[in-house]
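**Student:** Sharing a structure with you now.
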Amino acid sequence: MDVNPTLLFLKVPAQNAISTTFPYTGDPPYSHGTGTGYTMDTVNRTHQYSEKGKWTTNTETGAPQLNPIDGPLPEDNEPSGYAQTDCVLEAMAFLEESHPGIFENSCLETMEVIQQTRVDKLTQGRQTYDWTLNRNQPAATALANTIEVFRSNGLTANESGRLIDFLKDVIESMDKEEMEITTHFQRKRRVRDNMTKKMVTQRTIGKKKQRLNKRIYLIRALTLNTMTKDAERGKLKRRAIATPGMQIRGFVYFVETLARSICEKLEQSGLPVGGNEKKAKLANVVRKMMTNSQDTELSFTITGDNTKWNENQNPRMFLAMITYITRNQPEWFRNVLSIAPIMFSNKMARLGKGYMFKSKSMKLRTQIPAEMLTSIDLKYFNESTRKKIEKIRPLLIDGTVSLSPGMMMGMFNMLSTVLGVSILNLGQKKYTKTTYWWDGLQSSDDFALIVNAPNHEGIQAGVDRFYRTCKLVGINMSKKKSYTNRTGTFEFTSFFYRYGFVANFSMELPSFGVSGINESDDMSIGVTVIKNNMINNDLGPATAQMALQLFIKDYRYTYRCHRGDTQIQTRRSFELKKLWEQTRSKAGLLVSDGGPNLYNIRNLHIPEVCLKWELMDEDYQGRLCNPLNPFVSHKEIESVNNAVVMPAHGPAKSMEYDAVATTHSWIPKRNRSILNTSQRGILEDQQMYQKCCNLFEKFFPSSSYRRPVGISSMVEAMVSRARIDARIDFESGRIKKEEFAEIMKICSTIEELRRQK
């Protein structure tokens with residue numbers, strides 16, 4: 001029977017059909033090779049947008065710097081970064097006038113956060129530029145290395161464990177004449193193996209001390225490492241993203257804390273909330289504009305796009321904003337917050353690995369590191385690369401490029417949102433002083449603008465005024481990529497609005513399926529994704545039931561765990577059949593052990609082990625939940641785990657799911673090949689650091705309201721916490737006197753060992 005597809009849509013409102021337009025089925029594109037070319041593009045573009053600015057030279061590092069602030073007023077529609085300081089300050093003043101006390105209150109909240117933030121805040125985050133090794137490392141390791149170097153150079157304020165004290169060390173480190181660091185290196189030598197009598201390569205790992213003078217240290221402290229952004233859909237070209245080092249991160253964190261606090265109080269800001277909360281906030285603004293545009297007014301909405309938002313923003317402008325926002329605050333607070341923008345005004349971008357060359361016959365390959373780009377003969381490069389390198393040469397210092405203007409991706413999302421909202425705020429009638437007025441939504445570089453006016457000319461005039469006002473603060477609305485609709489239909493941050501936000505369920509499609517962590521986690525993540533989509537994305541009961549059946553089928557094929565009574569033959573079917581026959585209560589077997597599926601859309605919130613526990617044979621329970629089972633290396637048992645879920649569009653989301661640890665929660669063993677390289681020392685440091693952090697977390701779980709306060713080392717904090725907890729447990733009768741005495745003895749021993757050390 002042929003089905004006419006148009007019949008499917010007869011009863012469906014147009015906006016619900018959005019899920020059928022899903023374009024992203026395959027894998028997203030990933031980048032290979034070096035990001036050097038993309039980084040050069042970014043640097044060259046950024047300088048081009050600000051080319052009429054003033055050139056100066058940084059006295060400390062010798063880096064040439066371009067300052068476009070208060071540059072020429074725009075005469076055409078080309079994107080430009082010439083923000084006018086007085087315009088930005090005025091926009092801030094009007095924002096404060098419309099929201100009395102907003103800056104004052106946010107400053108107070110931020111001061112409180114600064115007093116309480118621990119340095120371990122910086123261990124969050126993935127790859128971080130590690131200035132001691134001059135390459136990327138996991139955040140925790142990069143922080144540990146930085147602190148280790150600081151301490152060996154006599155900077156010890158960080159020992160209090162407060163982030164603000166670590167930042168004091170950072171500032172002090174910049175005044176030092178030299179910094180001594182330890183680097184890892186690797187020696188190879190050929191030796192004869194005693195057993196086999198063959199020649200083998202023996203590798204030894206050494207550490208050597210290296211002194212960095214003030215200039216080189218400053219360059220490293222101001223360096224952002226660059227990488228290529230992966231998995232970006234809908235783009236022909238890749239682009240570069242930056243990862244800052246530990247010196248900059250803490251300062252950025254405090255600035256963003258202040259900006260986040262301001263954004264929370266602004267109804268036009270799409271940050272820092274997300275999901276349904278964001279939709280509700282945005283729907284309010286739209287409702288306000290539609291209600292106010294009575295029958296006499298027209299209302300249009302622009303789905304906006306800005307040209308190269310980051311590359312036209314300027315850290316000097318952010319400094320002006322912060323100076324204004326904190327103007328009545330204590331000196332120390334203003335200083336702490338102004339350091340991030342000052343560092344960004346003097347930032348250096350690391351060019352990455354450099355270029356790879358292959359000979360015509362493909363026999364020879366050689367890598368030209370970024371450091372060599374200053375001196376190498378350009379005849380080896382093609383036309384476009386040659387142009388790039390020529391442009392960038394005057395800015396090069398030791399493989400890093402001076403990049404004063406521009407912001408790099410994702411650095412000051414909240415603060416730049418405040419700037420955007422301040423322009424939206426100027427659309428009120430009391431500021432436009434005419435018949436048109438505007439409002440809108442802003443989330444980082446994405447915006448939607450709603451303009452109301454009595455007639456079409458008024459709408460046009462309103463849009464023009466908005467466009468010009470943006471230009472004055474370095475925001476370039478793209479006339480080519482923005483489009484206008486009657487209010488009621490627009491798109492903002494991949495949310496589609498049509499008389500209300502439309503659930504675009506197809507965007508979540510890539511996150512359905514089997515994650516491939518292990519049998520236990522995969523089952524849990526799979527059903528949680530379905531549950532979450534029923535809550536958030538209008539996934540209806542019939543579709544959810546179908547999704548569930550498809551998921552179970554997929555899961556069984558992935559882990560070859562078809563039901564014990566099935567006819568399908570796989571490598572596991574012999575064992576699973578045997579288990580099926582021995583089991584009295586077959587409903588109690590987990591799906592991954594060949595059991596039946598007991599999930600339906602009503603019980604998706606219950607972990608499978610809990611769902612089937614009462615139905616299990618006793619000996620099966622004993623095998624399943626046995627921490628001593630020698631075949632399973634267990635994860636730490638946490639009640640909640642986090643999975644990274646990839647929607648089709650936008651950033652990877654973190655999703656919580658229930659984790660019941662069983663013998664199915666195995667972790668694959670780590671690849672051994674890393675152990676023979678110079679990374680080995682780093683890896684061991686990392687594991688030790690990880691263990692310490694885990695231990696510390698056990699003493700001070702993040703849910704605990706008793707955070708370690710005051711100046712003490714991690715060990716002292718843990719010992720004192722152990723003593724307090726032991727006393728409480730002893731007095732309430734949870735532990736015996738002997739146990740209490742033993743704990744106290746261990747604590748004293750630890751303190752004694754520390755003293756001897």
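From the backbone N, Cα and C atoms, a Cβ is placed for every residue, glycine too.
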**Student:** In Swiss-Prot, which of the ranges 249-256, 409-416, 497-504 has the region 'Promoter-binding site' annotation?
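**Tutor:** Residues 249-256 are the ones Swiss-Prot records as region 'Promoter-binding site'.
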**Student:** In Swiss-Prot, which of 21-34, 203-216, 581-594 is tagged motif 'Nuclear localization signal'?
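**Tutor:** Matching range for motif 'Nuclear localization signal': 203-216.
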**Student:** Quick test of the contact rule: Cβ under 8 Å, at least six residues beyond the ends. What residues does that give for the compositional bias 'Polar residues' (55-64)?
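**Tutor:** Same-chain residues near the compositional bias 'Polar residues' (55-64) but 6 or more away: 214-215, 218-219, 222, 346, 348, 394-395, 397, 402, 404.
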**Student:** Compute the average pLDDT of the predicted model within the domain 'RdRp catalytic' (286-483).
**Tutor:** 93
**Student:** May I have the DSSP-based helix, strand and coil counts for the residues of the region 'Promoter-binding site' (249-256)?
**Tutor:** 8 helix, 0 strand, 0 coil
